[in-house]
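Here is the structure we will look at, set down as structure tokens.
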């Protein structure tokens, strides 16, 4: 915060050396060049220049001290030295020293004074002042007059440091001897060598006028607000003259001691009322000294002084000057990162020039005071570009005047993106469906992930995550487009082998390092009706299965059960059974869903002994697929008939027709026998039965029943209990005696219901 101070004489040539900035900052020329050092002037014009290679501060443009500062002293040119990486600011000022480049100048080259001959020796007469814009020792120092016998000059000093001349009468004037006295006056400054200006003074000796005008006050002190309008009355001066007639008539005028006073004020010659000719500006000049002359009709005059104090009004708003600005800022910048450096200046004074700074709105920035009027805009918290991409930061400077004035400066700060957000899938689990046997290359759907970052940080690319070793290579079934996320099939799939599979998909952004997220892709294979029903019983590769039905079987008697399965799923695997063809269609019926073949009515003697059934098994797919099962059914009275019919070839295509003819013949013979010899037949049957039993028991060893155990059926039977499309299994038990070639055949009830 300490200000470096230098000096340079005015009118110094371009390139003139002022100071070595690098030496004062403890830096080398290479460091200045590397840190991009530069000068930031306080005003709009650049008078100085910094050589980045040597660190020398040189004059860029000639400076006229009088043009820059007028009569103000010291005359300072302020600037800041800015260094980058890290950002640093050094304040400095160069004092422009005055050289004696202006000679004193009188506004009028001839000064006419009228003096009464009655003027007493020692009387003082105020002379017109010379003007010298230089300051200090180079300004006007004293007056001198050429040699004469009546006057000498005395140099006086004002409160503001200016000098004026008073002409002192040495001896009494005698108009009759000399009506006019002429001599030259010289104003000399203190420069080396000194410069001077000359004017001619002509003193006209007037006839006696006993009384000179007298002001009511020798000094008038007034104050005027700087915002007073033109023609505002400043003060009224008043003088009186005891003489009568024209010698007592007073005329007021402003004595020409300053060209600026004549441009600013005017006086009414009759009333002595002083008014403003133009508006005042406290910031340009704070005090005016006006010499007012009152002259009577006889030519006598007197003087008074009017001091005008300009009172400051809060008419200047603060000025905000940006000296350095970082327009782009990383969103990862930590708190207290410097965004901008700026100065606040108010040309008013006192409370009117005292300023405060603030930020408008709620934003993650704050103002840090560096020096009296230097500030830094820094971050106050962490930033997030995904919430706010840019900030319009408004810095408001307000003074403490009444009413207060303010000025604002808006800074645009854009945030640079950092890869701090991973992609996000719109769903944690994506479910897609593909048809069985669907050709490769078909689109199944699209994955979608978003990344709130920008540029490459937000560019999302998709890929399949390799499965663990030893797991199903599901990644070979589908592919994911890296750019669009479109999922496509790579090969046809068989529902019966792969009903569904899951793969993990990764979405990664283009940041460095890249961030990623994962989602689960579940693909369900939709079954197509591509499998026909498969018969388990009877076996499709065997001849027609032979089933035995006793002729006393009631209606609903279970003849057989057709068992089939379908490898498809759902509706494609729902099987229905129907009787496609039969020898006696009215004798049998098939369960629609169970596949059980049962008698539809009571078996009669008229029914053919051999029946052939064709059962159609159909699924519910679109289009439906089917299979057929062929059953050969023998209607028997006892085991002998059953054994005889079992020896026949059930696969012969003409068996049903032969069986029907034989059954018809049997029925005719039986009818004749019954009609002719019912009684005889009964006796013969009873006798034959008795004899047969006795002979069999005599020839055979003791009966040892051999029943098929459960294990005998386990190997050849068909287990369908676990098949979802089949009804519960039925189980039958048959017992035969050893060697019972044509013995009785007994049907037993099922063990399970």
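The backbone N, Cα and C atoms fix where each Cβ goes, glycine too.
Keep in mind the model is a prediction, meaning the values are calculated, not measured.
What TrEMBL lists as domain 'Cadherin' is 47-106 (among others). Taken residue by residue, the domain 'Cadherin' (47-106) breaks down under DSSP into 5 helix, 27 strand, 28 coil.
The domain 'Cadherin' feature in TrEMBL is assigned to 107-215 (among others).
For the domain 'Cadherin' (216-320), residue counts in helix, strand and coil come to 10 helix, 46 strand, 49 coil, using DSSP. What TrEMBL lists as domain 'Cadherin' is 216-320 (among others).
Residues or ranges marked as domain 'Cadherin' by TrEMBL: 321-425 (among others).
In terms of DSSP secondary structure, the domain 'Cadherin' (426-535) contains 7 helix, 46 strand, 57 coil. The domain 'Cadherin' annotation in TrEMBL covers 426-535 (among others).
Model confidence over the domain 'Cadherin' (549-652) stands at 83, taken as the mean pLDDT rounded to a whole number. Summarising the annotation, TrEMBL assigns domain 'Cadherin' to 549-652 (among others).
Under the heading transmembrane segment, TrEMBL lists 664-686. Distant neighbours of the transmembrane segment (664-686): 605-606; these residues of the same chain sit at least 6 beyond its ends, with a Cβ under 8 Å from one of its Cβ atoms.
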Number of helical, extended and coil residues in the domain 'Cadherin' (549-652), per DSSP: 13 helix, 45 strand, 46 coil
Helix, strand and coil counts within the domain 'Cadherin' (321-425) (DSSP): 4 helix, 55 strand, 46 coil
Structural state census, the domain 'Cadherin' (107-215) (DSSP three-state): 3 helix, 55 strand, 51 coil
